[in-house]
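Working notes, structure below.
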C-alpha cells in the first residue's frame, strides 16, 4: 500500500523563492498535525500535495496565482518547485518533482508548467524519467492506487470544496459517479448493448450476403467451362501461325545478305569520294609549305635527319652550359651575400669590442677613485694617489674588514646591555600586572555574587510585601465563594431545561404535521402545473419580450452618439467588426513603425555613447601624451629641443675624447720631462733655461693631470644624462606622431560623427513623437469601439432571441385556447407559503428553545468554573502564608551576605590604585630604554652599511676589470679586425668572378637564338617529306577501293532483292490473318479470365464458405454478449448497493459517536433511481442526496442544517468514503475540520479521530493529516499516544512561510 514520506516546497504562494526558504516536511504515521494562524500557509501544503499527485491547481486559479507573486519577490521570473517522496502500492520508493515558472510581463503575469521528473529507486540506483504532465498524472494515479476523483474529492479535498457532499444535486451526482467510477461501467454496458445490436445486424447482413454469394459461385463455374473450350481452339491456331513463320525465315536471311552487300558497295563509293577530297587538300598544303620555305633541302632523308639531330644536340649542349653558368652565378651571389652579412656582423662586433675597451679604462679609474674616497673616510694611510697595484688593493681590503669587525663588535655590546635592562623592567611590570589581574578577577566574582544575592533579596522582599495583604484577600475570597455558590444553587433551581425539552418534542410533532401538509400541497401543485405551465410560460415569455425590448433600446441609446461619431451611422456587428479590423491593422502598422523607430533611436543613442566614449578616450589620450611630452621636453617644441640636444651630445662627446687624450698626453709629457732629463718642451720644443722653469712646467702639467679625471668624469656624467634624455625623447617620437594624428584627424572626425548622430537622434525623436500622437488618437477610438462591440453583439443576440420569443408566444397562445381551471397555481402557492411560514415559525421556536437550553447550561458551567477558581486561589494564599517566617529569615541572611561582599570589593579596589601608578612608571622607563636602544643600534648599523656599500661598489668594479682581462678581450678584438680584412678581400674576388660569368652567358644566348632559326628550317623540310609520303599512300588506297567495286555484280543483286520482298509480303499477309484469329481466341480467354478475377467471382466458393462460418459464429457470439450484459448489469447494481450500505454504516457510527446534538439521530446518503429514465432506456442512473433522520422521518440535509452540522456531515462522509475506497492508499487530509463546530462537538470529533487512528494503527501505511488553527483541538488529539511531534506553520521576518517541528508538550508555552 502507498504512503507519503517527505515533501519539499519552494516558491509556492507565500513560500519563499530562495534556496534558504525551501521548506521540507516529513509526514508521520499515523497522524501528522500542522498548526498555525490564518494566512500562515497551512492550506498551501494540501494544495501542493493535491497538485503533485493529480496536476490540478486549487479552485479559482489557473496556476499564475499558485506561484509566489513576482511583484512581491521583486523578480521578473519566479520558479516554483514541489518534490514528493513516497512509497507506491508495491512499497517501492518513488520521487516525483513538478516545477512551474511565473513571469511578470508589462500588464500581466505569464504562467508556464515545466517538465516534471519521476525517479524510482531500484536495487539502490536512481532511475529518472522526464515526462509530460499527463504522463506524470497517470503514473501518480497508478503508484498511489486510487483514482483521480478520490484524490481530489476525498483524500486531498480543498477547504473551499470541503462541503461538496451537501452541494446541489447535479454537482453531487457528478462527484459520486466519479468516485464510484459509475460512468465507466455505464459506458461499458452501453458499449456491450451497441455491440450486441451491431452483431444482430451483422447476422442479417450475412444472410443477405450469402444469397448473392451463391449466385456468384454458380456463375463462376459456367465461366470456367467456356475457358476450357476456347483454349482448345487457340492451340490449333498457334500451329498454323508457326508453319507460316518457318517458311518466312530463309527468305528473310537471303534478303538480309543482299542488303548487307548493297550497303558495302555504298560504303566503298563514299570512301573513294572522301579520299579524292583528302588528296586535293594534301596537295594544296604541300604547295603552301614549299612557298613558305626559302629553299628545299636537296639531300637524302638520312642526311636531313642526321643534320637535324646534330643541330639539336649542339643546342642542348649550349643550353646546359647556360644553365651551369646560371647556377654558378647564383652560387657566387649567395656567397657574396654571406660575405656581406659576415662583414656587417664583424663591423658590429668591432664596434662593441671598442666600446668594452673604453668601458674597461673607465672601470679602473672609478675603482681607484672609490678606494681613495673610502681610505680618506676611514683615515687609512698609503692610499692618497693611484693607480694601485694588486698588493695595495689586497692590503686595503684587509684593513677595511678589520675596521668593520671592530664597529660591529662595539654596536653588539651596546645593544646587549640595553636589552638586559629592558628585560628587567618587563619582568617587574609582569609581576605587577599579575597581582592587579588577580584583584580584578576577585572583584568581578564578588560583584557577580553580590548581584545575584541582591536580586534574590528583592524577590523575597516582594513576596513578603505581597503576602502582607493575603489575610484580607482570604476574607474577600470567602465572601466571593459564598456568593458564587449561592448563585450556582439559584441557577440550578431556576433552570427550565426539562420543560424546554418537552416543549421541543411537542414542536417537533407539530413540525412533522406541517411537513406532511407541505408534501400534499407539492403534489397538488405538480398536478396543477400540468395545465398552468403553459400559462406561466406565456407570462414569462411576455416579460422576457418586454425585457429584451428594453435592453435593445438601452444599448442603442447608450452607444448611438459614439458609434455615429466614429462611423457616421449605427452599424451592425459585421460592420463594426470590419471597422475594428481595419483600425487594429492601422494600430499594428503604427506600432511596428514606432518599434522600428525606437530600435533605430536606441541604436543611434548607443552609437552616440560609443562616439562620446571614444572622443573622451582620445582627448584624455591627447592630454596624457602632451603631459608626458612636456615632462620630458619642458616645452611643446619637440623637434627643436631634440635637435639642440643632439648638438649638445656631439659637443660633449668631443670634449670627452679631448679630455681622455689629454690625460695620456700629460702623462707622456711628464714622463719625458722627468725620466729622460729632457731640457726642452715636448709640445713646442722650447728649451728650458733653468731647472726651476722645468719644475714649474712639470708642476703645471701634474696639476692639469690631477684635474683631468674629475673633469672627464663630470663630462661623462653630463654626457650620459644627455644621452638618456635623448633616448627618452627618441622613444617619444611615435607619441609625437600620435599627438599630431589625434589633433588633426581622429578627434575632428569623431566630433563630426557626433554632430551627425545628434541630428539623426533629433529626427528620430520627432518621428517617434508623431507616431505616438497618432497612436494616442487611434487607440482610444479602437478601445471605445471594442466596448461598443460587446454591447452590439449582445443587442444582435437579443434581437434574434426576441424573434424566437415572439414565435414561442404565438405557440403558447394557441395552446391556451379553451382552458379554464377553478383552482389556480397562485392560490395553491399562497396556501403553501402560509404552511411554510408556520413551519419556519415552529423551526425557529425549536431553535430558540435549544438556544435557551444551551445558554442555561453554559451559565451553570460558568458558575461552576468560577467557584472552582475561587477555591483554588484561596488554597494558594493559605500555602504562601505558611512560608512567610522562612522568607523573613532568608531576608536577614541575604542582607548580611550583601554587606560583607560590598566590604571585600571596596578593599580590593583600594589595593589596585597604587599598583596602577607603579605600573605606569615602569612602562615609561621601559619605553625610554627601547628608544635609546633603537637609536644607538640605527647609528651603528648606518655606519656599517655605508662601509659595506662602498666596499661592494669597489668589488663590482674589480670584478668587471678581472672579467675583461680573463676573457682576453684585447686579443679577441685584434682577431676580429684581421677577420674583417680577409672578408673584404674575398668579397672583391667574388665580384670579379660574377662579372666574367655574366659576359659568357650573354655570348651563349646569342648563339642559341641563331641555332633556333636554323632548327625551324630543318623541321619544315622534314614535315614536307612526311606529307609527300602520306599523299602516295592515299592514292594507293583509292586505286584498291575502285578495283574491289568492279568485282561486285550490282545490277543482279538489285533484281533479286525486289523479288524477295514481294514473296515475303505475301507470306506476311497470310501470317497476319492466322495471327488475328489466334489473338481473337486469346482475347476471349482473357476476357473470361478477367471476368473470373472480378471481386464477385474470384474465390467465390471460398467466400461463400467463409461467410457461412462468420454468420454461424456471430449468432453464437450474440448469445454470449446477451448473457455477459445481464451479468455485468447485475454485478454493478450489487456493487453499488454493497458500497452504499458499507458507507452509510460507517457514517451512522461516526455521527453517533461525534455529534452531541439531540435533533438528528444520524445521517446517510440516499441513492435513488432516476425517475426520468424511459422504459426503453436500459441504462440505470442514480441521483444522490444526504438526508438526516430523527425517528422515522428523513429530511434532505441540504438547506436545512446549520453551518456546524454541514461541516461535521461533510467531514464524516469524507472519512467514510476514505475508509471504503482507499484500500491501497491510507492517506487522508483534513483542512480546518473544527470550522463552525462548538466546543462539545470539537471534543467529540477529536475523540472520534483518535478512535479511527486506534482502529487503523496496525495498518502501517495509514496517515491522517490534520491542518488547524485550534490549539485546543490539537491538545485534545495530543492526549492520545499517537502524537509526539507536530508542525507549526508561521511567517518569518520576510513574510515567507516556515514549517517548524515542535513537541506536543510545547503547546501551552507557545506565544504567537
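For all residues, glycine too, the Cβ spot is worked out from N, Cα and C.
Per Swiss-Prot, ATP is bound by 13, 38, 39, 41, 42, 43, 44, 67, 69; the candidate from 97, 104, 159, 174 named for the same site is 159. Swiss-Prot tags one of the stretches 557-595, 596-634, 635-673 as coiled coil, and that stretch is 635-673.
Which of 677-705, 706-734, 967-995 counts as coiled coil depends on Swiss-Prot, and there it is 706-734. Across the structure, residue 959 (N6-acetyllysine) and residue 44 (ATP binding site) are spaced 88 Å apart at their Cα atoms. The highest tally of CB pairs under 8 A with the coiled coil (200-534), across 706-734, 754-954, 1019-1075, is held by 754-954. Residue 69 (ATP binding site) is surrounded by 16 other CB atoms, counting those within 10 A of its CB over all protein chains shown. Within the same chain, residues at least six positions away from residue 43 (Mg(2+) binding site) with a Cβ under 8 Å of its Cβ are 158, 159, 1231, 1232, 1267.
The separation of residue 69 (ATP binding site) from residue 681 (Zn(2+) binding site), Cα to Cα, is 112 Å. Per-site Cβ counts within 10 Å over the recorded positions 13, 42, 959 peak at 42.
Take 13, 38, 39, 41, 42, 43, 44, 67, 69, 159, the residues named in the record as contacts for ATP: the widest Cα to Cα gap among them comes to 22 Å. Around the Cβ of residue 159 (Mg(2+) binding site), the number of neighbouring Cβ atoms within 10 Å comes to 17.
Around the Cβ of residue 39 (ATP binding site), the same chain contributes 14, 1291, each under 8 angstroms and 6 or more positions distant in sequence. Listed in sequence order, 9, 12, 13, 14, 15, 1297 are the same-chain residues six or more apart from residue 44 (ATP binding site) with CB atoms under 8 A from its CB.
Counting every protein chain shown, 15 other Cβ atoms lie within 10 Å of the Cβ of residue 681 (Zn(2+) binding site).
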